[in-house]
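As structure tokens, the structure follows; a few thoughts come after it.
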Amino acid sequence: MDSLSLPTVCDVVVPALNVDNLIRDYVSNVRADDSNNVSRFLGEVALKEIKSQVDTSNGDFQKLNVGFRLTPDEKNALKANFPGLEIAFRDSCHSSHSFAAAHRVCETLNIYNRFKTKTERIIDLGGNYVTHAKQGRSNVHSCCPILDVRDGARHTDRYISLAASVENRHRELPVDFCCHKFEECDVKAPFAMAIHSISDIPISTVATHCVRRGVRKLIASVMMDPLMMLYDKGHIPLLNVDWEKEDVEETGKTLIHFHFVDAPGLSYSHDFDTLSQYMITNQVIVNNSYSFRVERTACLSGVYIVEMTLSMTDGHSLAYLKPMRDVSCAWLSSLRKKVFVKLAVPISAEWYTEQFEVRHALMDESLVRYVSEAAFRQFSKTKDPETLVQYIATMLSSSSNHVVINGITMRSGSPIKFDEYVPLAVTFYVMAAWRYKMIAPGIDAVKTRTEKNVDILDEKGLIKEDFNVVNALLEDAGLIEPKLPHFTDVIKNAGLRGFGKKTIEKTRDDVLLIKPRSLLREVIYTVRSVFGLTILDSDYNLVSGVPSHMKATHVWSVFVGNLAFPSCLNVNECVNELLVNHMEMMEETKKEETRQQAFKDARDRALMTIAKAIEKDQTIKDGLLPILDLCKIKEELTAASNSLSLTPEAIEQTDSRLMKASGSDVNPYADSIKEAIHYFNEVEVANTRNLRSLGIYLGWSIPKNKQTYDALQGRNESVRVYVPYENKWYPSAPTSQYERAMTVDGYFSLPMEFEAITDGCRREISKYHLLVVDDSCIFCSGQRMIPALEAALKLVPTFKITIVDGVAGCGKTTHLKKIARIDSSAAGSPDLVLTSNRSSSDELKEVIDCPDVMKYRIRTVDSYLMLKSWFSAERLLFDECFLTHAGCVYAAATLAQVKEVIAFGDTEQVPFISRLPEFRMEHHKVKGKISCTTDHLQMSKRCHSLFKENFLQKQDCEVSERCSSLAELCPIQSVIQIQPERDVLYMTHTRADKETLMRIPGMPKDRIKTTHEAQGETWDHVVMFRLSKTTNLLHSGKGPDLGPCHNLVAISRHRKSFRYFTVAPHDNDDQIVKCINYARSLSSGDLDGVRVLI
């Protein structure tokens, strides 16, 4: 900039959560897991609920990893300075200035988030472009000039960091930087940021080039201290930085040096005149056309956030160019309850002269008050000043240092500088002497008669008005409201001034100023002031507040030719343009969504047509089968089955059997079917949320510590992480094949062969750092059944339901085998036999006598609903119907067009239980006509008569003598006392106990089940175990909804022996323990009395 353009300076909004409702829902839905309690529920479920309502991917809730090792005080300071950032302290590396480095990282993210944009361009003055690239900030352009060797070394370090990122991450890094100065770069952007990089650039230059580059707002962080305006040196505590000013005589400049105490090789020097501009400037006017508002918005442990905001216009007013002379309070937070005390410090010890430097010391207001009061109490005219100064110095010493007695801090203060110790004591002595001298005049002043506002009111409450003859005559002469004083007042004020009388002047309501007046003294003072002799007079203003030069009232003006802002500044035009662009973008987005949806619907209709051909018998040849070898139909069908575009309308258009119900006729079981659809969708949402939370925990990147993978299995041992770059699974290889995996972009289809990912799939997923899977990724049956459930809603069923209700072990499955008609030669259509689980289906295929070609009609209800086309039958036999949601039973019966449904089950055993504790079901039980007239269905061949008295609610059921052995109670202290045995089923009520036993080496994991999972199975020997001493509703059988059904399932799985291993053998609330103890008290005759012989 030339001399003509030098600047001149002149002094001038989640829905609120109801915690009571959360607790109430938890208490009413508590189930088998005894580790669940109120604190865990509030800590996990409520936290998930809050996170689901808050966008944590951007803005104030971003997680920031800080690897520097910090002290607890430094960590607390970072959290206090940046409350909107979720900071994770890793303590993985050490630095001599760790807090300053960590603070700089937090400043960068904090200032970047203040702009609230990821699309608008941002200029970073001297920014670390590698850090921006790693964080995915593609909208940041960094101006990184090389001004000295330190800047060049920074580029080397950034290059090394960038090379490591390219090698490890294998993904695009949005690097955007230049080596030009801010004044020379031509990149334009509406926003700019500077992290400790503008301390050497005059504020007028910054404002000028902000106009040239189209910057509307600049936010910078500057290391400053308000005491720089007062002292020559100081210290910033947490940053551990010493600063010192130095006057350079050759250049006439004042430099300020910053020295990091623990980093001797790290120091900075700036021109103090330039740095101080950011302390005291309120406004910068450029070319009398543009105006920047300068604000210091926050003080963060010695780092001030300075904002320069360009003023917009209304198109006709120039009020935004008016200099603003208000007072900034930027420093007041640091100077609160502080005062400046005047003192004189000797700077020479020569015999012929004594030179004193008069300056101010910053002290606590409470300390000044305490010492000044004590000094006045000890003051005496009989004592010499030296002795009194010693007394005051002693009080200063004890009051300004920490006093600790028995480990308790009784007084805390700030130490006084060595050269200010005695001069401060002299100042307090002068204050005490001056106050002592003012006692006599004060006595005269307080005795002076004065008037209050109430004294000038008359009896009616009106102000008394004295008649002034002179003012009345002047009004008659034509003057308007003359206000000459009364003649008596003039006599009082000027009459005896030369003889020491006083005058009284009213300053404000009920406040009067009493001034002694002496004509002779006033004349002498006037003569002395004319000749400049008053400069040596005494000044007792020894304590003052914040100096005026620290209150930021400066306005800068700068002029540069050919300068114009590149965009519009009219607020009306800018707002209108923004809204118009937003509407156009919304319309374009809507058109694109409509086009994508139309494409998906057309694709799904075509794929459903092909699917019917794929489901045909492979022995039947037609023209569609060769398509499988020509294109990727199977992959497309897999993608289509997971698509939400498979609506019932799409199925209706491809299957002629699905005829719409006419008029108001709908499926009478719609409530149950819709509840099943809603449940499966909620389970899918929960699975997706859990997998995403695991990925977010890893940061969707490869962790440096391999033990992090083990931590993921804390609550779910099925979690696995696949790293494409290493082609390796963590923490261990999978035991199953997965059909999908969660990535940072969502689910990804994962074709596997022999538990290994195919080469083609590996190439496609190489762009991801890692993939996360768990048991929900093996096979997602719920989402595959939804199209069938939705299709069933459109049909009107004609079947009737008969429920064959039998106790555990009474032979319900045997009865089903007898009445099943699956032979193709049977009269009418063969039966359809469905089960709730695969083990029951495999068992029925073995025991039901039918040709192999007809065994496809014996299957699970899930597999039937997942068919692309459903075969029909006249009768549906359903085994263990209460283990499946009633909506699936009704939908299968509707799609099979059956006329009769015979459902086998036990109403006293465990019903269908939701995996989601917060999901409440109302229509999950199959309803129909109860039938248990068959004699042998009223007798249990598996359950001892003892348990009939305690568990079975059916009054007409009986037990068989065949099960004559008693149950055995086995007290244990630890899980390791349970030994692995062959042909034994291990059962427990809670999943936590199951996971604990599965960790024991040698235990058969396939034979360890919960009572809910073991329902419907029969074993000769059963071991029931309990590893928690806390009794829950499952052990006591006092649940309001389930009752003792879990205990009934537990004791009805064995034929020969039942052993109960428990850590709480004396728990009287445990229903099984209570029954076993009761059995021990009975004789064989007592047991025979209740047995029924066959």
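Positions of Cβ are set from backbone N, Cα and C atoms, glycine also.
Because the structure is a prediction, the values reported are computed rather than measured.
Swiss-Prot annotations:
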- GLY806, VAL807, ALA808, GLY809, CYS810, GLY811, LYS812, THR813: ATP binding site (BINDING)
- 88-279: domain 'Alphavirus-like MT' (DOMAIN)
- 777-937: domain '(+)RNA virus helicase ATP-binding' (DOMAIN)
- 938-1093: domain '(+)RNA virus helicase C-terminal' (DOMAIN)
- 68-409: region 'Methyltransferase' (REGION)
- 802-1062: region 'ATP-dependent helicase' (REGION)
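For the domain '(+)RNA virus helicase ATP-binding' (777-937), the model's pLDDT averages out at 82.
Within 10 Å of the C-beta atom of LYS812 (ATP binding site) sit 22 other C-beta atoms, taking all shown protein chains into account. LYS812 (ATP binding site) falls within a helical segment according to DSSP. Of all Cβ atoms in the shown protein chains, 18 besides its own fall within 10 Å of the Cβ of THR813 (ATP binding site). Comparing Cβ neighbour counts within 10 Å across the binding-site residues GLY806, GLY811, the minimum falls on GLY811. Of all Cβ atoms in the shown protein chains, 26 besides its own fall within 10 Å of the Cβ of CYS810 (ATP binding site).
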